[in-house]
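Lifted from TrEMBL, the feature list:
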ACT_SITE  Y81  active site, proton donor
ACT_SITE  K152  active site, proton acceptor
BINDING   R134, N400, N445  (S)-malate binding site
BINDING   E223, D224, D247  divalent metal cation binding site
DOMAIN    58-238  domain 'Malic enzyme N-terminal'
DOMAIN    248-514  domain 'Malic enzyme NAD-binding'
Amino acid sequence: MTERDRLDLRGLLPPRVMTFQQQIDRFMTDFGRLERASRDGPSDTTSLAKWRILNRLHDRNETLYYKVLMDNIKQFAPIVYTPTVGLVCQNYSGLFRRPRGMYFSAADRGEMLPMVYNWPADEVDMIVVTDGSRILGLGDLGVQGIGIPIGKLDLYVAAAGINPQRVMPVMIDVGTNNKELRENPLYLGLQQPRLEGEEYLSVIDEFMEAVYTRWPNVIVQFEDFQSKWAFKLLERYRHTCRMFNDDIQGTAGVAVAGLLGAVRAQGLPMSDFAKQKIVVVGAGSAGIGVLNSARQAIARILGGTDASYREATKNFWLIDKMGLVTKERVHIDADAEPFARDPEALHGLKEGASVAEVVEAVKPDVLLGLSGVGGIFNQEVLEMMRQSTSARPAIFAMSNPTKNAECTAEQAFKHVGPHIVFASGSPFTDVELGGGKIGHANQGNNMYLFPGIGLGSLVSGAQIISDGMLQAAAECLAAYMKDEEVEEGIIFPSISSIRDITKHVAAAVMTEAIKEGLAEGYRDKDPKEMAEMSQEDILKHVELNMWHPKYSALVSSPR
């Protein structure tokens, strides 16, 4: 009441002062009413309605929004991010009501440095940026891809406790090759084809120079760039900037954590990962990223020498849209070339062999999909996995959104058997196997890792994000589950534990940064103090720097 009087609000609000928890309860009651009313309606319409009600709360009351999201993360993560975010991006021009984030476009060339000072926050810790060229598995959505950085940063706040006043979603609009969007009168972006070559690179360079001029310590996460630019931009900036690409490095880390978990589920030590036969379907940025990270993990197990890297490559069989990739192919993509099979090591297969043919011949321990082709793991392919030499083969259908998943959990358990380990990128429900047994549908969501990678890099003061830091994050996630859970086929934790997971991943990232001499200090901790911190001290340091939603006093109460 003191605040109401001091702010001249008496009489302009209902008389009862509601507590934080009562406000949460009121919103959840309203949301539950919507869920019940729309239960039998079209799924897309219902999903968008849920997104709208959360977005309106975000507009009205940011503190309450993040409290609701944190307390109900398992329920709301699929709405603020995958799978609903894909639907939001497809319809964003029609859903747009107020701007959120910052937009840099090809029309702003030469103006980006002064532009960046239009952002109202003096300090920014985290930027998520996209050019909209490859939104999930939905293709070129142009400026409508801004929904991805917004959703990712919501998860940074909820999972990692990054202060919402210190994040910035960014869209770099260089045009779109989606003709339907360009001709849509409601489309909010540049109505021109995408820039290519040096023109494209000059725009990204100018953006990076602008944000690092104003915020030298900001962390930039690249998201949903098409493959031909994703690797090139990662190599262009990663050695001089605090940045990483979640599609390449985050997806890879989660997949490697899942692969290590699948080894544990077989009752084997994680070091036996070096003996696994792995078929990867999909040679885009995510697929190649997984291969590179998995090869690095195996090489580390084998000793980390050049010879171990060459030996580790033999574990993988890569299939792209033209089939099995071998050295007999005339034009091999440079990123895929290290994983092309030698002619003498083809198990009787030929260049371009199909998924079913490769699975039949190789009898892999793991079949991992990042193809973006829904249903490519069909009945024939899955039944071939019954011949796997593994006592507990793993099926990873990692493509997003749900319609692009290589198979469903139900299909995998039905056609391969109850003994498998299953994981997917988008959520599926667990499968009833009969006799009281459950087939666990693990969700290998990037949100298990990228918030911890960002937070650990931030609170350590590391000026680059090294391969070792990323590997430490993956190994931490793989080890997070208890042995009895892994034995039941549960290789990823519940999303409801995301704050604790992120805290431990961030601590692992920080520990590795200290070990590599990359930690340069943060706030009251200098590099020397960090080097002397115990694991318990590091966990405490991480936790103390995680933001929690609470109302600040608007006026001082009289003494």
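Glycine is treated like the rest: Cβ placed from N, Cα and C.
Locations of recorded TrEMBL features on the structure.
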residue : record                             : Cβ within 10 Å
Y81     : active site, proton donor          : 23
R134    : (S)-malate binding site            : 25
K152    : active site, proton acceptor       : 28
E223    : divalent metal cation binding site : 26
D224    : divalent metal cation binding site : 25
D247    : divalent metal cation binding site : 26
N400    : (S)-malate binding site            : 25
N445    : (S)-malate binding site            : 26
Seminar exercise, completed: The largest Cα to Cα distance in Å among the residues R134, N400, N445, listed in the record as binding (S)-malate, is 18
Seminar exercise, completed: Sequence-ordered, the binding-site residues among R134, N400, N445 whose CA is within 10 A of the CA of E223 (divalent metal cation binding site) come to R134
For this session: Would you mind reading off the Cα separation of D247 (divalent metal cation binding site) from N445 ((S)-malate binding site), to the nearest angstrom?
Result: 11
Exercise. Using C-alpha atoms, which one of the recorded positions R134, K152, D224, N400, N445 comes nearest to Y81 (active site, proton donor)?
Worked result: K152
Exercise. Among the recorded positions K152, N400, N445, whose Cα is within 10 A of the Cα of D224 (divalent metal cation binding site)?
Worked result: none
Exercise. Within 8 Å of the centroid of the Cβ atoms of E223, D224, D247, which other residues of that chain place their own Cβ, given that this set defines the recorded divalent metal cation site?
Worked result: T130, R134, I135, I148, F222, F225, A230, N245, D246
